[in-house]
Amino acid sequence: MKRFRRHGHESQRDKHKQDLYQFNKTVEHGFPHQPSALGFSPSLELLAIGTRSGAIKLYGAPGVEFMGLHDENAAVTQVHFLPNQVELVTLLEDNSLHMWTLRAHNSMCELLEIGRFTLSGPPGAIPSVTRVTAVLAHSSGELLLLGTEGGHVFVVEVPGFRELEENNISVEDVQNRVPEDYVGRRNLESVETLHENPLNPRQVLIGYSRGLMVLWDLDRQRPVQHFLGTQQLESVWWMEDGESILSSHSDGSYCQWTVTGEDPQTEPEKQETPYGAFPCKAISKIIQLPSKQGPPFLIFSGGMPRASYGDRHCISVIHSKTHEALDFTSRIIDFFVIREGENHKGEPSALVVLVEEELVVVDLQTEGWPVIQTPYLVPLHCSAITCSHHVSSIPLKLWERVQAAGAHQNTHYSRKPWPINGGKNLAPDPPQRDLLLTGHEDGTVRFWDASGVCLYPMYKLSTAGVFHTDADPNDNMNQGSEGEWPPFRKVGCFDPYSDDPRLGIQKIHLCKYSGYLTVAGTAGQILVLELNDEAAEQMVEATVVDLLQGQEGFRWKGQARLDVREEPVLFPPGFQPFALVQCQPPAVVTAIALHSEWKLVGFGTSHGFGLYDYNQRNNIMVKCTLNPSDQMAMEGPLSRVKSIKKSLRQSFRRIRRSRVSMRKHHTNNAAKLQEINARLEAEALQEMELAPVQRKIEARSSDDSFTGLVRTLYFADTFVSDSSHSTPSLWAGTNGGAVFAYVLRVPPQERRAEDPVTAHAAKEIQLMHRAPVVGLVVLDGKGAPLPEPLEVAHDLARSPEMHGSHHLLVVSEEQFKLFTLPKVSSKSKLKLTAVDGSRVRRVGVAWFGSRTDEQLESCLVVLTNQGELHVISLPSIKMLVHYPCIRREDVSGIASCVFTKYGQGFYLISPSEFERFSLSTRWVVQPHCLVEPPLQMRSKSPSSPVHRDLPDGVPTEHRNFKGDSEGYENSARQVMEHALLNDESVLQEIQKSLEGDQTTFLENNLKTKPKAGNVLSNGD
């Protein structure tokens, strides 16, 4: 009977876990890393971005997002939406074409891959014959025209990827009709561009890289007109009236040609080099659009004078007498223009530019062409991210004040709404307001609305104004000088350069109830700031704190501290600094804690920790934790708190320098060289903090490097001296496994401004295994974590239980240990692992609840260096669930992880993107959206210039997708039946392929089974 009862108990416990815990990666925030292709559907109003890693991401109205991932690890080079369809085609670097669709399922859409195709060409053909360089999605929605490196144009029927061989355009067909005296006749080179006649879909313009352009009639299979260009062709634009063509070239010129039907046209009607007469770079893309406000808009990328501005990334916009060269800080990938009106044929309204590090949208209808603020795809890495901090359940008053401060900073943006509005966001409104704060290398802190799917920028705080830096305050990088030519104008916010790396933010702590903020930096600076709704000119009071306490024999060899401005500084509305603590030596601040009820800030570095009273502006205590053997702590910024990229770069630079110096000195001692390189590579691996080899928990010697480094600080009102009186206290954990406790005497509120705060050492714990202490939590008499400062005062948490025994939970890298207070006797412990070398990298307290029960449970959430997430019960410290989350090789992702109060988390998957995940069944933020097919699809009459019946068994619904998921599934099923050889014509095609006539038909039809990408969706 016992066994049966135990089994029932286990089942009940498993069900309880299922009700509370569920791991999901929900959405990616930020800007896609290494974008490589851009597409836009005017009918769907959806934007598509392909990346070098093979991802494809679709964006519409805020909250409408889709993501897919190609199986092939190849860059996406082109993205094309089928006109008036819900399908799109991607071309990869490996020359494969992929068909994707948005399919409705359970009242939401998913992005699915439904087919793939690779041109095979005739037997024995060289690869260039089928290497695709240009793609045209025909307006019929039924054809793809594929131009290749060898000059051929293949016609393929979609969505089944059936090659229509009789409609292909060979390079020989084109060459035979070119005048014999044309200089480029013998070698047309690759097809650079394909464009459909806007007035006659049966005519296509083929542009070859040597300069020849051919107007081809698809019905009659012959050329209509030749345009004999002599400069290398970059792009072509067909005017809306169908009577003129613009071509841009590699010498920085563009030409206008007239479509007359008279063959050939040897000279352009107009030729111009906008930034001549000296040699210019290529104009890679050109667009001209009519405007009711006067002359047309002429927009082109590139064309800059090669010698003077060849390194600039520019798009020029010319309209009437206005001419601007929009200057970006990263390479331009592609651009397009959004137009107003029915069928998007009206006035140009916005220029959308994808550059390597951001997406910029320019308002073309407002004077000055201001930038429209993006609600998503914001570059998180405008300056490199150095730390993150999440705050849940922000009070409405604080939220509105931060919003108002941000509005003061956004006056330079256009007031026009976001122009990309495809799809419907069906996700419910967020249940709470959440903030994500990111610290950056340039000394800024950015506030993001992290409540929903879109990570929206709210406010930016800059700390650089407090200090004297190398930047010239009169240096205005945003505007060109009067009369400058070309007329440059800086656009975008990506700025990879920092005025002074010492400004970098390392730690952030925000009190959501009081509006106080503490930020700490790379050069030992800790700023205390208060939210102010008005601009204010004030001094920042600086206090220098000597963490070495006058110890002799130590000499700081690292960076100098930042110079504080001694004059009053004008601070805009928002968070304004009023107090500064400067640590000496000016090492990286490794830990901070803020208690806004007591008005205290704790701070720690590799040398010790201190306590600062920001109410009375004085330092209360200092504790030096430096071990006499910690000589490395005097060398400068610590490798463990550097960016991973910097650590890797510096480590391998040392390796290279070592090898170079050895060669220079002609050292022939191979054994010595091998030993040195092995040591340096070992140092590099140590700095990378890779997963260690399998080992058991073992005691560490006290002479391990940086044992005095302070890893965590914690304020608690608990029993430290005796069990009858609780007192305020400060706890500190170090890299050497030591925990220090200080009892604080905080005067009552009415005497707080006059009486001093005092601190006295009370306890010291030394863990036997000396593993770094990464977290400290005090549990009340009921085993619950103590509430945040001011949380009880605002009636947002119950008062802690002070009658039972309190416990201190010490989280080291290798184990969790519970001590009773005030005796500090060990009660229980949990080893993270004994064999596989797992170490705790991130720890936080989170509250979990089921979807049906309002009751919440507190747990410990842990991320290890193996990339695994663990949920641990409190106060019993038992392992509840664990999930793999991050690859253990992704050191920067693990180091960047931040937990939320309700079981969610964020970590960097690239310098510009956060992955959001959830461990909770109750709190999940993910896209839930629907895209309806365009109206044209529902009453579409085929306008394809080439019509070929599909084989029996392939229904027309597959060609003209109606948006009905059931119909789509039936269609897909019938396509698969067709692929499974139920059709006579298929067998004939196979017979041909066996004879060598065609090799791709079967392969491509067998691949039409729908396959989901990495779908981000919320079906419940």
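Just so you know, glycine gets a Cβ as well, placed from its N, Cα and C.
As recorded in Swiss-Prot, the features of this protein are as follows:
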- 946-965: compositional bias 'Basic and acidic residues' (COMPBIAS)
- 935-968: region 'Disordered' (REGION)
- 36-69: repeat 'WD 1' (REPEAT)
- 76-117: repeat 'WD 2' (REPEAT)
- 132-169: repeat 'WD 3' (REPEAT)
- 193-227: repeat 'WD 4' (REPEAT)
- 233-264: repeat 'WD 5' (REPEAT)
- 332-364: repeat 'WD 7' (REPEAT)
- 386-462: repeat 'WD 8' (REPEAT)
- 506-581: repeat 'WD 9' (REPEAT)
- 710-766: repeat 'WD 11' (REPEAT)
- 775-827: repeat 'WD 12' (REPEAT)
- 832-884: repeat 'WD 13' (REPEAT)
- 898-921: repeat 'WD 14' (REPEAT)
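Sequence-remote contacts of a segment are chain residues at least 6 beyond its ends whose Cβ falls under 8 Å from one of its Cβ atoms, and for the repeat 'WD 5' (233-264) they are 178-179, 182, 192-193, 195-200, 205, 207-213, 215, 223-227, 270-276, 279-290, 300, 302-306, 345.
Here the repeat 'WD 7' (332-364) has Cβ contacts under 8 Å with residues 31, 34-38, 40, 42-43, 47, 49, 240, 284-285, 287, 289, 291-293, 297, 299, 301-302, 313-315, 317, 319, 326, 370-372, 374, 377-379, 381-382, 414, 416, 418-420, 491-494, 496, 912 of the same chain, all six or more residues outside its ends. Each of 193-227, 775-827, 898-921 was scored by its Cβ pairs under 8 Å to the repeat 'WD 11' (710-766), and the highest score goes to 775-827. DSSP labels the residues of the repeat 'WD 9' (506-581) in these numbers: 0 helix, 41 strand, 35 coil. Taking every listed stretch (193-227, 386-462, 898-921) in turn, the largest tally of C-beta pairs under 8 A with the repeat 'WD 13' (832-884) is reached by 898-921. Across the repeat 'WD 12' (775-827), the prediction's mean pLDDT works out to 89. Here the repeat 'WD 3' (132-169) is broken down by DSSP into helix, strand and coil counts: 3 helix, 20 strand, 15 coil. DSSP places the residues of the repeat 'WD 1' (36-69) in helix, strand and coil in these numbers: 0 helix, 22 strand, 12 coil.
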